[in-house]
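> Swiss-Prot lists GLU137 with the feature active site, proton donor/acceptor, giving sequence analysis as the kind of evidence. Here Swiss-Prot flags LYS111, SER112, THR113, TYR114, ALA115, ARG116, THR135, LEU136, GLU137, GLN156, TYR170, GLN180 as dCTP binding site.
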Amino acid sequence: MSIKSDKWIRRMSEEFGMIDPFEPNQIKEADGQRIISYGTSSYGYDIRCANEFKIFTNINSTIVDPKNFDPKNFVTVEDDCCIIPPNSFALARTVEYFRIPRNVLTVCLGKSTYARCGIIVNVTPFEPEWEGYVTLEFSNTTPLPAKIYAGEGVAQVLFFESDEVCETSYKDRNGKYMGQTGVTLPKA
């Protein structure tokens, strides 16, 4: 299994729609202002956060149960940024839609810009033949409110191509998060 380069990421995105919309370069500035970078890097792709957020709330004092998740645990926000309360959590989705080839697995790591502020980004691997918008999980580990910027980079996806095609893909298993179109809450 080997990590894939910028040339491979460009080819797969331009010819096969692996990432849409796709940015072939690393973007570090918009409207004359520095931003948290996104786009193609040497051996990965920096994904952006869309402006759709779900922020945890304790208004309803329900229990967080991954097998029986109550949507009232979240407040929905659509904005240029999201303020995550201290020691709290939010969900968002990527700007980019992904179509992962059958012989590829990805690993996604949060950007150090956010990690250095105490904001942890978690994303599970994109499995072979999974497709959809990626649901992003943000944890604010600080005792202060924390800001996430829509339209800017939040994490880097690394692509690994297997030496052998898998016997059963995510699509073959009818994975429960296949074809996500927005922020997707937990499913059991």
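Placed from the backbone N, Cα and C atoms, the Cβ positions cover glycine too.
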> Checking the spread of the dCTP site as listed (LYS111, SER112, THR113, TYR114, ALA115, ARG116, THR135, LEU136, GLU137, GLN156, TYR170, GLN180): what is the longest Cα-Cα distance, in whole Å?
33
> In whole Å, how far is GLU137 (active site, proton donor/acceptor) from THR113 (dCTP binding site) when you measure between their Cα atoms?
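Their Cα atoms are separated by 16 Å.
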> Which entry in the list of binding-site residues, THR113, THR135, has its Cβ near the fewest other Cβ atoms, using 10 Å as the limit?
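Counting other Cβ atoms within 10 Å of each of the binding-site residues THR113, THR135, the minimum falls on THR113.
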> How many other Cβ atoms are found within 10 Å of the Cβ atom of GLU137 (active site, proton donor/acceptor), counting all protein chains shown?
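So the Cβ neighbour count for GLU137 (active site, proton donor/acceptor) comes to 14.
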> Taking the Cβ of ALA115 (dCTP binding site) as the reference point, list residues of the same chain whose Cβ is under 8 angstroms away and which are at least six residues distant in sequence.
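Residues satisfying the criterion: VAL121.
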> Excluding near sequence neighbours, so keeping only residues 6 or more apart in the same chain, what lies with its CB under 8 A of LYS111 (dCTP binding site)?
ILE36, SER37, ASP46, VAL121, GLY153, VAL154, ALA155, GLN156
> Taking only same-chain residues 6+ apart in sequence, whose CB is under 8 Å from that of TYR170 (dCTP binding site), what do you get?
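Once residues fewer than 6 apart are set aside, TYR170 (dCTP binding site) is near ILE100, GLU127, PRO128, GLU129, TRP130, MET178.
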> Hey, does DSSP put THR113 (dCTP binding site) in a helix, a strand, or just coil?
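DSSP assigns THR113 (dCTP binding site) to helix.
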